[in-house]
Ligand code: EPZ
């Protein structure tokens, strides 16, 4: 396993380019199962989860080539099985369920199980697919799904689930008749998936709203498509400029999809402006504490909660964080406390009292975004911070140390 060694205290100054979005690329790759022609996807980030997905697609009968952030995928004669040894490393594998049922009427997908941040059930996915005519059994930790054909249905989610909306959207585009998804997730990554499916000949309206209408078609052709930029990577680097009192220009930064984040960072005292080159962010004064409650899009994203908490640790005054999406997404708190942060948690609430300095220390990454928050804290801390188990980080950030070192950070990667 690798670890990152970070020498803190250097303001980040310079420009960076935001990569393609992991959480848009993953569903779009699974959607290629629906096509009866090849597709070419551009701006696909070089990430662990992407390569896991390409491996799984290969096992399902699709041929995939990845080169220079571009993927050429051609569905062949499909097989129904997504094995546990792959699914357990990436829960998004459950997104093959809808496409497999739509294409071959059967699927054998390992139940993803929980992860560090929560139980992560998939009941909404299964309930919606059952309404469309699928039947499921659970056997030795695998979901066995089958259907003669999928029929359009009027489906209302109990909560706006990103994965649930994506699975049902992919199932509905080839279903018989019309489907309505109520209380659908509005995340930009869901919209990006819908745009890819539209480019392949699907009939979809209402993407980006909580009511999506799909009219099933008999086939989907191939397409060339560029994946959107990663708003969470961009938000993480905005926070990096803030925590180091630096100045960054972020090229390909999806500013429109980051409004809830940029507003909060501006409330903390950061200057963020959109220029023709990209988004310019600087932080020339001490940060002020703010209160944040995570919400489904367009609210403050849960995937930025750990990162803004690192900023709050060094802000003047007290900040309150309420995590409403996942039941266990404060794993970074104990590690930040090892660096001198003053944080009290009670259930879904964390109270952060700003301190003048953090001190470098050995810390342990537990999940993708918690790892990012520890890197941010290490960039600002006095002395050396060792972030261990950074395979979590590599799932969602393309060689983060190279990007940060290109703007002045002092980070090296070592074998643990
Ligand atoms: C997606 O996960 C993202 N992953 C997550 O990003 C992100 O945190 C999450 O959406 C919320 O925005 C990908 O897109 C690959 P949900 P997903 O279904 O789809 C409950 C990252 O860091 N729920 O929107 O799994 C669930 O427990 C990752 O990049 C059910 O109860 O999230 C949670 O409380 C982490 N039953 C809430 O809904 C279901 O059937 C939202 O989950 C489905 C979800």
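Heads up, the Cβ atoms here are built off N, Cα and C, so glycines get one too.
Taken straight from TrEMBL:
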- 7-404: domain 'Enolpyruvate transferase' (DOMAIN)
- 22, 23: phosphoenolpyruvate binding site (BINDING)
- 91, 120, 121, 122, 123, 124, 303, 325: UDP-N-acetyl-alpha-D-glucosamine binding site (BINDING)
- 115: active site, proton donor (ACT_SITE)
- 115: 2-(S-cysteinyl)pyruvic acid O-phosphothioketal (MOD_RES)
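Here the features listed in TrEMBL are painted onto the structure.
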{"residue": "22", "record": "phosphoenolpyruvate binding site", "contacts (Cβ under 8 Å, 6+ apart)": "45, 47, 49, 50, 230, 232, 395, 396"}
{"residue": "23", "record": "phosphoenolpyruvate binding site", "contacts (Cβ under 8 Å, 6+ apart)": "162, 187, 189, 230, 232, 303"}
{"residue": "91", "record": "UDP-N-acetyl-alpha-D-glucosamine binding site", "contacts (Cβ under 8 Å, 6+ apart)": "112, 113, 115, 120"}
{"residue": "122", "record": "UDP-N-acetyl-alpha-D-glucosamine binding site", "contacts (Cβ under 8 Å, 6+ apart)": "94, 111, 112, 143, 163, 164"}
{"residue": "123", "record": "UDP-N-acetyl-alpha-D-glucosamine binding site", "contacts (Cβ under 8 Å, 6+ apart)": "none"}
{"residue": "124", "record": "UDP-N-acetyl-alpha-D-glucosamine binding site", "contacts (Cβ under 8 Å, 6+ apart)": "157, 158, 159, 161, 164"}
{"residue": "325", "record": "UDP-N-acetyl-alpha-D-glucosamine binding site", "contacts (Cβ under 8 Å, 6+ apart)": "294, 295, 296, 302"}
Listed recorded positions with Cβ under 6 Å from ligand 1, out of 23, 115, 122: 23, 122
Residue 121 (UDP-N-acetyl-alpha-D-glucosamine binding site), number of other Cβ atoms within 10 Å: 13
Densest Cβ neighbourhood among 115, 120, 303 (recorded positions), 10 Å radius: 303
Where residue 115 (active site, proton donor) falls in three-state DSSP terms: strand
DSSP state at residue 325 (UDP-N-acetyl-alpha-D-glucosamine binding site), helix/strand/coil: coil
Among 91, 120, 121, 122, 123, 124, 303, 325, the record's UDP-N-acetyl-alpha-D-glucosamine binders - longest CA distance, Å: 22
